[in-house]
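Undergrad: Feature table excerpt (Swiss-Prot):
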BINDING   GLY76, THR79  Na(+) binding site
TRANSMEM  6-26  transmembrane segment
TRANSMEM  36-56  transmembrane segment
TRANSMEM  69-89  transmembrane segment
TRANSMEM  99-119  transmembrane segment
Amino acid sequence: MGPLGFVAVGVGAAAGAWLRWGFAVLWNAINPALPYGTLAANLLGGYLVGLAVGFFDTHAGLPPEWRLLAITGFLGGLTTFSTFSSEVVANLIAGDYGWAGLHLLLHLGGSLLLTAFGLWTYRLLA
């Protein structure tokens, strides 16, 4: 990746993170048990990555920096859930149902387990 790719990822990531933060500021306090801002960021990111993958797959002639800006940068900054979602859907479209299921299990189960482990580690060391 050249210098323009690094800039594209950085600018996109900053914009996505700012939007995610804005959602959190606006909506997370409404229901702390289910933070609506985080949910909105994840659901919007999942939807937008589907649109983006479809767009970039049909516009292969665009410079790769546009994809880096939109998907890796912006949607990665908005939520990593969008990347995860696109990977699972790609497996499903390819008919790789076992891989899609394993992807779900490892990402969701692993994230929950490691979050609990991180909390346990903090409490142990605090």
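All positions are counted from 1 along the displayed chain.
Cβ coordinates are placed from backbone N, Cα and C, and glycine is handled just like the others.
From a predicted model like this one, the values you see are computed outputs, not experimental measurements.
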Undergrad: Who are the chain neighbours of the transmembrane segment (99-119) in space, where the CB to CB distance is under 8 Å and they lie at least 6 residues beyond its ends?
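TA: Those are 84, 87-88, 91-92, in sequence order.
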Undergrad: Per 10 Å Cβ neighbour count, which of the binding-site residues GLY76, THR79 ranks highest?
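TA: That would be THR79, with the highest Cβ count within 10 Å.
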